Structure formats: C-alpha cells, structure tokens
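J.: Have a look at this one.
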Amino acid sequence: LSLFLPLPLPLPHRSRDETLASDIALATNPDQDGDTPLHITVAQGDIGMFQKLINLLNLANKDVDIYNNLHQTPLHLAVITEQPGMLSMLLACGASLSVLDRNGQSAVHLACEHASLACLCVILHHLPDTLQLQTANYEGYTPLHIAVHNHHIDCVHQLLRFGAEIDTADIKSGRSGLIHAVENNHSEMVYTLLQGGAGVNLQTYSGNTALHCASGRGLVDIVRALIRHGADPTIKNCHNDTAIMLSSDRRVIDLLRGRSPRSGAQSPTSQQVPVIVRSSGSESPSLSLPLSRSSKPGR
C-alpha cells in the first residue's frame, strides 16, 4: 500500500493592488501617540524610509500634513529635532508652514524656541510673505518675542532681516521685544534691538516703558543705553510714576537726572525730580517620534 500524504495548501495569492493597499494602510496608521510612520521617520532622520513613505502617500493621494495627538505635523517635528534637510524635503513635498501645533505655534515659532537657526533660515526663504512673522501663538507671542525671550540673538537678526516687525507688542501685557529683553536683563539683546530701530518709549498696558523696567531693576548699563537712544524719563505709567520714582539705585537716579554716575557732575539740562521709591508692578511673565516612547524626542 502506498502512503499518500496531503499536499500543502497553496498560499493565498495577493494581487499587486492588495499589496499596495496593505502598504498604504501601514504607512498611514497612527500609533498610541497619534504618530504615523512619517512622523516617526522624520524624527529619526531616516531619509530612505522617508522617500518610501512619501511615494506611498502620493499613490494614496494623502497629505503630508498629518497631525498626531499633540497636533504636531511631521514638519513640526523636523524643526523640533533641528533637521533642516528633512524640513526642506517636507516643504518640497507640499508641507504647509502655516499649520499650528496645540500651542498655536507655527514652524517659525518652533525654530525660534529651539534656537534652530538653520531651520529658521530654510523657513524664511520659503515664506510667501511676512504675515507669519507677525502672527502670535496662543500665549500672545510672535516669533520675535520668543527669540528675544530665549536670548537667541542670531534668530532675531534673521527675523528682522526678513521683515519681522520689531515693535509688535505681545497680546498679554503689551510688552515689545525691547521690554522683554530689558526685563530679562539681556544687555546684548537690548543693544541689538536698539540698533535695529526698536521704539524706546513704547509703553505696556500698564504704561511702563523700557526705562521704567530697567530703572526699577537697577540695570545701570541698560538705563544708560536707553537714554542714549532717546528714552524719555518724564513718561508716566498708569500709576503716575516716572522711571526715577521706581528706582532706589543711586547710579540709576544720577543717570535719570542727567548726571554721570562716576563723576556726579550734573548736566545743565537735568531735571530735579523728587525720588519716591515704589515697587514696580509688572505684567504677567512672558512666556517626537520613534516607534517607542523611550526613543521619541521631547515635545
């Protein structure tokens, strides 16, 4: 008797269309964080996989501006992870620079926040106009405010070069970039903005000028720089205080009265202003994605 063994069943045949549909599904399915393979690939800087995924998305007529659970697109992640090359490729594939994350931040805001000068330069060369440079995030800050607040001078230079408004006030307190720089005691940033033509006598919602803020903090060098650039010591805030009334520093008081803090010599144009030291009220203070959480960049 011969022994007959059952033949193995043939594997189901998958058509090319079925294989493609399966690949597209894998390429677009998000993980528990809402990250698609494109988010993860961009964050990991995998150019080869990026190109494969872009091909699949194109075949499926899918947009590259896909949001994860933090409302971040792959473009946002390219900026956060400081990858100008990946950023350029996404822009070439139609990624939008106007999309906002959950904090209302565009790619320009993120580049300024993370001090990614290379990414910022790529973005600025792709912007159709300067509108996004004046747009505030949900905290009320423009990209320039963010760059100033985080002491990123190179980013400030580039923003101003491409047409950012230097005197825009933040929405929360009415502070200009110059006032933010003064309150952070960042002398180099103050000098940069003054040389860029920042309005020296602009007032916050409570009426304080940059000179009020510098005087109340005893910032002698900044007070001197502000006066040299035309700061008016007679301007009063909403409490009817001039800058001298907020200072308890004799060197600052001498400067505001037109004297040299070193020599004590009084200028013929100095004003005799009574010194009433008060506390200076200030406005509210200013201011991703591999397959496993352990390998995903911070957000």
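Each Cβ is built from the backbone N, Cα and C atoms, and glycine gets one as well.
So TrEMBL lists these for the protein:
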type: REPEAT; residues: 33-69; note: repeat 'ANK'
type: REPEAT; residues: 70-102; note: repeat 'ANK'
type: REPEAT; residues: 139-171; note: repeat 'ANK'
type: REPEAT; residues: 173-205; note: repeat 'ANK'
type: REPEAT; residues: 206-238; note: repeat 'ANK'
type: REGION; residues: 258-299; note: region 'Disordered'
type: COMPBIAS; residues: 263-273; note: compositional bias 'Polar residues'
type: COMPBIAS; residues: 278-299; note: compositional bias 'Low complexity'
J.: Against which stretches of its own chain does the repeat 'ANK' (70-102) lie, if we need a Cβ under 8 Å and a gap of at least six residues from its ends?
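T.: Same-chain contacts beyond the ends: 33-34, 38-39, 42-43, 45, 47, 50, 54, 63-64, 108, 110-111, 114, 116, 118-119, 121-123, 126-127, 132, 137, 288-289, 297, 299.
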J.: Looking at the repeat 'ANK' (173-205) alone, can you tell me the average pLDDT?
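T.: 98, rounded to a whole number.
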